[in-house]
Amino acid sequence: MTLARFVLALVLGALPEVVSFDSVLNDSLHHRHRHRHSPPPGLQYPYYLPTQQRPPRTRPPPPLPRFPRPPRALPAQRPHALQAGHTPRPHPWGCPAGEPWVSVTDFGAPCLQWAEVPPFLERSPPASWAQLRGQRHNFCRSPDGAGRPWCFYGDARGKVDWGYCDCRHGSVRLRGGKNEFEGTVEVYASGVWGTVCSSHWDDSDASVICHQLQLGGKGIAKQTPFSGLGLIPIYWSNVRCQGDEENILLCEKDIWQGGVCPQKMAAAVTCSFSHGPTFPIIRLVGGSSVHEGRVELYHAGQWGTVCDDQWDDADAEVICRQLSLSGIAKAWHQAYFGEGSGPVMLDEVRCTGNELSIEQCPKSSWGEHNCGHKEDAGVSCTPLTDGVIRLAGGKGSHEGRLEVYYRGQWGTVCDDGWTELNTYVVCRQLGFKFGKQASANHFEESTGPIWLDDVSCSGKETRFLQCSRRQWGRHDCSHREDVSIACYPGGEGHRLSLGFPVRLMDGENKKEGRVEVFINGQWGTICDDGWTDKDAAVICRQLGYKGPARARTMAYFGEGKGPIHVDNVRCTGNERSLADCIKQDIGRHNCRHSEDAGVICDYFGKKASGNSNKESLSSVCGLRLLHRRQKRIIGGKNSLRGGWPWQVSLRLKSSHGDGRLLCGATLLSSCWVLTAAHCFKRYGNSTRNYAVRVGDYHTLVPEEFEEEVGVQQIVIHREYRPDSSDYDIALVRLQGPEEQCARFSSHVLPACLPLWRERPQKTASNCYITGWGDTGRAYSRTLQQAAIPLLPKRFCEERYKGXFTGRMLCAGNLHEHKRVDSCQGDSGGPLMCERPGESWVVYGVTSWGYGCGVKDSPGVYTKVSAFVPWIKSVTKL
């Protein structure tokens, strides 16, 4: 046993359920013997004219592949190799160039992807195929660069085996012609060259053969009598190519089943080009497909290259046209597809893009140049498939309106949320290093569809369509918002001034939130010292938003985590990115996360006018115009801004005008507010001591819908006693003319009253408490909400004995791990429940309880339905 087989036995023999040394050796020999007499998958055993048994192959089976040395490092790739959609060059130790994508063994078994090989490969020593392990392809390879290419495959018993590959499988050649551009088509399969019956053979089939052989852009179908071919198998008949396939194997066809080929003719071709024999023969060499490669011309009996001096996309357009390759034409420079050999045929090619052949373009004389093969020109003719991108309407393919191909039509991309990271991904896919977004309407508007909107790239994507985006065709844009881009090949003057990546967190939508920046590998926040709308405008501009921007301070969108990266930002409002505004050292600050800065982009806040009659007021009660999610009283969550439009706060006036929160309350109409009587126990019922704030969300940040209204009258229920919790209800009349005290808007609306003696446990569902009360750590700056269940009164009667009366509601969670309750700051605030029909009713006023969120101590709420006649008599509602 050779050393290589011994090593293979050690590695594989330990896993008998997967594969063993004996199975590899014996099964391999068995399969090779068996497949010489049975058809490989997908290809029937060929018949002959005249019919005759195929002679067996007599060469001995090859030895097992030795465990090769670790592969040498691949050559460094130029930055262009990052271009998405551009397949990497074939592994240098696979099948030779020209047939680099063979993925079938020499007896016809399809190869497994290298990523699909069983787990024992992961445990092997620094195995020779370390660079192949996990690769998402199944191309035959020879990792040590010395032996024949091979691959793993699944045998008939479901086990993994390996086999050598025949790199010529699927190859074609032309035989018997007057030159290399014509002849009978022969196909190589299962170790034997065979031919194709000429039935239904046409120019589309012939063109695929010419493409595969890189012998010009057009094939002309011919026929050859079988009588002159001798003994040769027939593989296929009725070949049905579309004409743009890369390989004849990709065309539809019928497996030859014997019988008589019509007219006894074999398929043949003459490779030419679309526009007459005066044009030179062109081929593309060294690419990953027939659609790209180094440009080579056939002139004076030999192949040669083209120098890339003045080589551009217009030249590439002509090459692709001459080769009958549709799609997007792009020029490549500096021997991108490898250096050629032989003479440099042409230099200084200057096509306009409209020529039919490179021969018609201005250029140097044949053979005149000052170039070496390091300057060999190349082209790619990218087929038009869904997701292909281009820049249109500019002076060249490096600039213009960004367009995406989808369902046979080019369309544009809306600039909503467009960032420089998006630009970077687009330019990189197009083969450029840098780029920038062009100004709006810089290029002519498109008249086609708008395919994409709200695109967001991280900058790591290799293809534009890997970025997050809306569904195809979903947008809210016009062509005035089409993205336009200018890309550049390099140079410091064109670098993207990306600054730090920026994101918005914990907002109600993607256009608002706490500002976080990515610095030194970690996301962190910005302190709000000096934070203004000008700073917000720069953040929004960097994120691609063009509308008005508003700054938010005091952790308006909640406190962040991690470091505070930046403080004392000083933007003028004209900068392109946040990085241009930072003057202080990163990480230097004197802040806490309670001062985290935020922004609202595309802000169009506008107050609604006040309502003036009772009928309109009653018609809008209990409506939540803004509610989509649910955060924290104790166990609660931040509410949505405007989500509880009847929530108001009773505030204690001060000489400094910054009255502190005293109690919560509920807006019943433009001029009347419902709260708890005990809120006035300490400071009395003098109206001069109080003010009511409506439309509030963050207690320390003034907002557009927020309004503070004076108090005209305080009405405490006549049965309330300060030493008792019964009859704990009060009404507050706001200052202002009749029903024009607080101005209604989407953020300021009244709640509905319940029916008299209505029992909410039977008629209501989906109950919430709201307020700015104790959150378990401190009083909240933002309005909180918490879902809460209504409980049978016996739970409170058992817990509070005679202190609980029939004019009270019992609500809350009894379990310690579900700590939801109202606390001191929420006194007087509403307990709201939803009636069928989506109207919200104030069933309770937060009154009292034992502690906050204490186990087995539910909250007690004044039952509003018991006081409806009193409320209506006072308010005249």
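Placement of Cβ uses the backbone N, Cα and C atoms for every residue, glycine included.
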Among CYS796, CYS833, cysteine joined to CYS810 by disulfide in Swiss-Prot: CYS796
Disulphide partner cysteine [Swiss-Prot] for CYS601, chosen from CYS540, CYS571, CYS621: CYS540
Swiss-Prot annotation, disulfide partner among CYS671, CYS679, CYS833, CYS852 for CYS767: CYS833
Per Swiss-Prot, the disulfide partner of CYS679, chosen from CYS621, CYS663: CYS663
Fewest-neighbour residue among disulfide-bonded residues, criterion Cβ within 10 Å, set CYS241, CYS320, CYS477: CYS477
DSSP state at CYS381 (disulfide bond), helix/strand/coil: strand
Cα distance (Å, whole number) from SER827 (active site, charge relay system) to CYS414 (disulfide bond): 49
Nonlocal residues around ASN685 (N-linked glycosylation site), in sequence order (Cβ under 8 Å, 6 or more apart): ILE714, ILE716
Structural state of CYS767 (disulfide bond), classified by DSSP into three states: strand
C-alpha spacing of SER827 (active site, charge relay system) relative to CYS251 (disulfide bond), in angstrom: 78
Of CYS361, CYS381, CYS414, CYS427, CYS540 (the disulfide-bonded residues), the residue whose Cβ has the fewest other Cβ atoms within 10 Å: CYS361
